[in-house]
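Asks: Please see the structure below; I have some questions.
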């Protein structure tokens, strides 16, 4: 790429294209990107910044919070609450929605985020990331309530994630394909490195936590068993397994070279539809993957068509290369 295109320029050009995105949405996304830069700085300091280890508290899901979970959550809230683009925010780390204080102007958008995905990897210096989703606030009533957030993923107006690894990379969609940006630390800006990211329809890689195999449902066991049989099995090819235990890192790899990611329902908590959060993880990642030519289902239906019933709803997730996702989904329906 001969000419360096910044995130700001990319978004301005998206705005100019027949008003593809409104100015307020463009400004909101720039603020989210700045917040991700701040989180990246905290992540990079590690032990030198005193940010490693647990915080001695639990989130709404009963998960032990790491210090960086709380720091990242605060960075996103403080960066976004005063800009006038938002009406409210929701976070995986907070019990209920966060209303923009009355002292700040109110916007028309709702921001949802997982401030730091892959928290188990923080202390061992493995890639982690931030996932975010933007919805339009319903305009049929004043104020904001939790029910305003309960929109299916096909109502998203923007979604993205930022992965904090050897490079800090921001991946974004506003409904017109997927673009990747890498943080130039010297300039302090995100620079476009790839547009129209595409996921190959076929793959030889799968990402799943094999230690849970005994707890899976039959269709998932069947799919993985066929992959493990390699060239001698029904698939006629050898597969490799990858598992980072960070959805951001696993999905980023799939966007870069293909693959299928699975976090299925299992028998340990049969009353729960899955482990991952629909609103903070599955919806934004599902839309990004679809915009890159992949597929995303819960094994039975398209993730983006699921009508959420509560803010912290969980869901089974199967996403990535289209033909592989369709195969697993077909096994669930008995095809």
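Note: Cβ is positioned from N, Cα and C throughout, glycine not excepted.
Sequence annotations record features per position, and here Swiss-Prot assigns Mg(2+) 1 binding site to 92, 114, 116 based on sequence analysis. What Swiss-Prot lists as Mg(2+) 2 binding site is 114, 117, 281. The substrate binding site feature in Swiss-Prot is assigned to 117, 118, 119, 120, 209, 275; the stated evidence is sequence analysis.
What does the local environment look like for each feature on the list?
Replies: For residue 116 (Mg(2+) 1 binding site), applying a Cβ distance below 8 Å and a minimum sequence separation of six or more within one chain yields 39, 66, 68, 69, 72, 73, 122, 128, 129, 130. The secondary structure of residue 116 (Mg(2+) 1 binding site), as reduced to three states from DSSP, is extended strand.
For residue 281 (Mg(2+) 2 binding site), other Cβ atoms within 10 Å of its Cβ number 26. Under the three-state DSSP scheme, residue 281 (Mg(2+) 2 binding site) falls in the helix class.
Within the same chain, residues at least six positions away from residue 209 (substrate binding site) with a Cβ under 8 Å of its Cβ are 243, 245, 263.
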Asks: Taking the centroid of the Cβ atoms of 117, 118, 119, 120, 209, 275 (substrate site), which other same-chain residues have Cβ within 8 Å of it?
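Replies: Here the nearby residues are 121, 245, 246, 247.
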Asks: Are there any residues in the same chain, six or more apart in sequence, whose C-beta is under 8 angstroms from the C-beta of residue 114 (Mg(2+) 1 binding site), and if so which?
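Replies: Listed in sequence order, they are 91, 92, 130, 131, 132, 277, 280, 281.
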Asks: Cβ within 8 Å of the Mg(2+) 1 site centroid (92, 114, 116 excluded): which residues?
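Replies: Here the nearby residues are 69, 72, 73, 91, 93, 113, 115, 117, 119, 130, 131, 280, 281.
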Asks: Please name the residue among the binding-site residues 119, 120 whose C-beta has the most neighbouring C-beta atoms within 10 angstroms.
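Replies: Max Cβ neighbours within 10 Å, all protein chains included: 119.
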Asks: Roughly how many angstrom lie between the C-alpha atoms of residue 275 (substrate binding site) and residue 117 (Mg(2+) 2 binding site)?
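Replies: Distance between the two Cα atoms comes out at 13 Å.
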